[in-house]
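Copied from TrEMBL, the annotated features are:
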- 7-410: domain 'Enolpyruvate transferase' (DOMAIN)
- Lys22, Asn23: phosphoenolpyruvate binding site (BINDING)
- Arg93, Arg122, Pro123, Ile124, Asp125, Leu126, Asp308, Ile330: UDP-N-acetyl-alpha-D-glucosamine binding site (BINDING)
- Cys117: active site, proton donor (ACT_SITE)
- Cys117: 2-(S-cysteinyl)pyruvic acid O-phosphothioketal (MOD_RES)
Amino acid sequence: MEKFIIRGKQPLSGEIPVNGAKNHALKIIPAALLSTQESVFHSVPQVEDVDRLLEIVEDIGGVVKKEGNHTVRIVPPAKFNGILPKKLVPKLRASILLLGSLLVRFGRVEMPHPGGCNLGRRPIDLFIDAFKALGAQVESLADDGYVFQAPHGLQGARYVFPLISVTGTETLMMAATLAHGKTVIVNAAGEPEISALADYLNACGARITGAGTHTIEIEGVQELHGGESTIIPDRIESGSFVILALATNSPLTITHCRPKDLEVPLRILKSIGANFAIAKDAIKIYPITQKLKATNIVTHEYPGFPTDLQAPMTVLLTQALGQSLVRETIYEGRLLYTDVLNAMGANISLLDPYRAMVTGGTSLRGKEVASPDIRAGIALVIAGLTAQGTTTIQNIYQIDRGYEHIEERLQHIGAKIERVNNC
Ligand code: EPU
């Protein structure tokens, strides 16, 4: 078990490049299994969740070759016994995406309930409902698993998501590429990773239109060929670095990013007094002499304020003057880390599982804490770098799930952060 030891309040400066998006890589890898041919992906982030997913691909007979640090070649399995590995699937929520490609290609998928971050209830009822609409039979097993079957393939249909689901949209969109006839997904998610996934699938021969909007149409085709694609920059990592610069009032330039994917968060940051300049693929943050002002945040599907930036933003709001209300609308368990920030000197009242009141302008102090999930984990790193004294973060596997070698990258901009073995 490893931990981070952070000495806070050190000056940060320079450039920090953003890596490929975890939540794009985690979708394009299952999508590669729709074809029988090799696909090659560049800028794949070396993070634990991606490694776990690649392990599953190998476990079911796919061939994975890594070239250098960020290129991955995948040769899909020619056969599949219909069973996803019981030990690996519960490790990450994104394993559910394999359902889309494997069911339509092989006709049967037996799998345990997919795991992932502890953010409250993570049901898969929408996936079950959507695949039933496309003609699959679904059986729930006594041990919390499922069997999905479509021995004669899937039949295109119109499916209306009752609520917006990112992986639900992606899984259904993938499966529909090889279904018979046309599928229309209504109330689809519109995250940038979905458009990027559709671009790859279309380059492989799929016929998808409307990705990035709330209605996606897919004409099923007989087969897809392999393809080559570059993972888009991680908008959540980009936003986290911007927030780090603001929380520590440091002159940092975030490079290799796509500011256009962060329009709402950047607009909110500007409105509370942040000073930055935006280029096509970089954000330059200038130090400020006046404290930031409080504001209210409501998480929302894209292009709204992303739930994945809610915890880092809350850390920033502990440094802003006045009272801010943070409202989490996507997950019921995503504000529990606020207790940990309070132990570091923050003044946050949890009004209910979905709302926190932050009284800002408090000084944070170093503390021994544990990372509850990926995004609260990076928020604690930001808090540690903002705090006076030493912060120790345990359970950093949760941070490694989404951020590649974060300590080395932060050391390059002057952060005093070390990875230390616990024993
Ligand atoms: N939901 C259901 N039933 C379902 C599926 C979802 O009720 O069958 C609910 C969820 O419980 C949640 C809401 O619908 O309340 C939205 O969940 P969604 O399905 O959109 O989330 P997801 O696709 O599982 C992805 C990201 C998350 C990100 C959310 C929201 C991946 C692998 N995960 O999750 O990322 O928070 O969209 O943007 O893309 C992270 O990277 O740390 C992370 C948690």
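From the backbone N, Cα and C atoms, a Cβ is placed for every residue, glycine too.
Curation does not apply to TrEMBL; its annotations are automatic.
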- Per-residue pLDDT averaged over the domain 'Enolpyruvate transferase' (7-410) comes to what? 96
- Whole-number Å only: compute the distance from the Cα of Ile124 (UDP-N-acetyl-alpha-D-glucosamine binding site) to the Cα of Asn23 (phosphoenolpyruvate binding site). 18
- Task: Express the distance between the Cα positions of Ile330 (UDP-N-acetyl-alpha-D-glucosamine binding site) and Asn23 (phosphoenolpyruvate binding site) as a whole number of Å.
- Result: 17
- Task: Taking the residues Arg93, Arg122, Pro123, Ile124, Asp125, Leu126, Asp308, Ile330, which the record names as binding UDP-N-acetyl-alpha-D-glucosamine, find the longest CA to CA distance and state it in Å to the nearest whole number.
- Result: 22
- Query: Does DSSP give Pro123 (UDP-N-acetyl-alpha-D-glucosamine binding site) helix, strand or coil?
  - Reply: coil
- What does DSSP assign Asp308 (UDP-N-acetyl-alpha-D-glucosamine binding site), in three states? helix
- Item | Residue, out of the binding-site residues Asp125, Asp308, whose Cβ gathers the largest set of other Cβ atoms within 10 Å | Asp308
- Query: Do you know which of the binding-site residues Lys22, Arg93, Arg122 has the most other C-beta atoms within 10 angstroms of its C-beta?
  - Reply: Lys22
